[in-house]
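Chemist: Sharing a structure, written as structure tokens. Questions coming.
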Amino acid sequence: MAKLAQLKSLFLEQFGGKESDISFFQAPGRVNLIGEHTDYNGGSVFPAALTFGTTLLVSPREDGKLLFASTNFPITREIATGSLAFDEADDWTNYPKGIVWELAQRGIPLSRGYNFLYHGEIPNGAGLSSSASIEVVTAFALLTLEGRETDTVEISLWSQHAENEFVGVKCGIMDQFAVANGKKDHAILLDCDTLRYELVPFRTGDNKLVIGNTNKRRGLVDSKYNERRSQCEQAVRDLRQAFPELQLLGQLTLPQYRENEGLIQDETVRRRARHVVEEIDRVSRSMEVLKQGDLAAFGQLMNASHDSLRDLYEVTGDELDAMVSAAREVPGVLGSRMTGAGFGGCTISLVHGDSVDRFIEEVGKKYESATGLHPDFYVCDIGDGVRQLKEEA
Ligand code: GLA
């Protein structure tokens with residue numbers, strides 16, 4: 001991580017002002033261990049916060065303006081708090097703007113202006129929730145500096161709402177929730193219908209979690225994502241013949257679903273629904289095997305999750321499939337799957353510590369020769385959710 005002292009110098013160069021007026025905040029990225037495309041279906045997910053993310057430096061200004069800058073992108077913006085609208089040309093600054101808009105909607109208009117400097121360590125467009133990280137860190141910082149309560153569950157909901165309504169991406173709650181509520185060495189078992197959650201110690205023993213970035217641009221991801229969402233809604237409408245009150249696929253048990261699957265008219269829609277209900281079941285089986293410390297069984301569930309995302313939900317694509325199959329050929333790999341929305345982005349693999357170097361070398365070579373793309377790998381630890389930093393940290 002760039003040292004806070006370095007970021008502080010950059011901040012003062014950009015905005016001027018007094019050192020003592022700067023506050024520091026950080027929010028992580030996230031990786032989902034299992035439970036994919038279940039959140040917007042009211043199912044459960046099992047994500048974890050990463051040890052890297054977005055650092056935000058903020059200072060107040062008396063002229064009511066909002067000035068946004070980033071160490072990652074050349075685009076900077078100066079915006080009057082009263083004129084907040086989504087604008088494609090504003091690029092990444094739409095995320096923090098969305099948060100200021102959201103707070104105003106909730107009756108928390110800002111009492112003054114602010115200077116913001118963002119420093120992101122999450123590779124962009126990799127599906128590790130760089131946008132959720134920006135949203136959550138902005139919401140947490142502004143609530144803190146405005147002297148308001150910082151309830152991290154509320155912050156996740158507000159950030160998701162800003163992304164849905166201001167940015168226009170119809171994501172579920174998983175990303176913002178993990179970024180806001182993560183805890184070092186724990187994964188979060190979250191029921192996305194009730195928002196009940198449990199921090200589960202995630203002990204990998206002699207194994208490591210390795211993220212593989214396909215570096216495949218996630219083209220069309222939003223339109224395909226929204227198409228999957230509407231297919232799930234269609235499945236719910238068909239299943240209402242048997243369950244008139246049904247709102248979300250995640251409210252059905254696997255046996256209930258299996259008995260009534262025939263009510264879903266369209267064969268593609270039926271496969272989408274089957275993925276969702278079986279994936280939710282895999283999350284609960286994961287909890288059982290992890291309680292017993294059976295990481296090999298968890299690895300098998302990760303594999304089954306990927307295969308279902310490939311064959312039933314059809315959100316993997318050649319690059320993710322190539323990386324996962326190369327990973328599974330390496331001895332010492334317990335399981336490997338795509339993580340996040342799919343259509344590019346990253347895989348997550350559980351790999352024996354002694355095999356990590358070989359994994360990176362062999363998967364890298366095979367993936368590159370299969371796709372022509374150069375991958376990146378990150379051996380990852382699980383970190384904390386959003387927080388304020390002390391400068392000397
Ligand atoms: C993206 C969305 C999440 C979730 C995942 C798929 O990351 O932002 O809400 O739906 O895809 O599990």
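Placed from the backbone N, Cα and C atoms, the Cβ positions cover glycine too.
Values in this document were obtained by computation on a predicted structure and should not be read as measured data.
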Chemist: Taking TYR118, TYR197, TYR225, TYR257 as the options, which does TrEMBL list with GLU36, HIS37, THR38, ASP39 at the substrate site?
Modeler: TYR225
Chemist: What number of additional C-beta atoms lies within 10 angstroms of the C-beta atom of THR38 (substrate binding site)?
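Modeler: Excluding its own Cβ, the number within 10 Å is 29.
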Chemist: I need the neighbours of the substrate site defined by GLU36, HIS37, THR38, ASP39, TYR225. Which other residues of that chain put their C-beta within 8 angstroms of the C-beta centroid, in sequence order?
Modeler: GLY35, TYR40, ASN41, GLY43, VAL45, GLY172, MET174, ARG228, VAL276, GLU279, ALA341
Chemist: Which of the binding-site residues listed here (THR38, SER70, GLY125, GLY127, SER130, SER131) have a Cα atom within 10 Å of the Cα of GLU163 (Mg(2+) binding site)?
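Modeler: Of everything listed, what lies within 10 Å of GLU163 (Mg(2+) binding site) (Cα to Cα) is SER131.
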Chemist: Based on the record's binding annotation for ATP (SER70, GLY125, ALA126, GLY127, LEU128, SER129, SER130, SER131), what whole-number value in Å is the widest Cα to Cα distance?
Modeler: 20
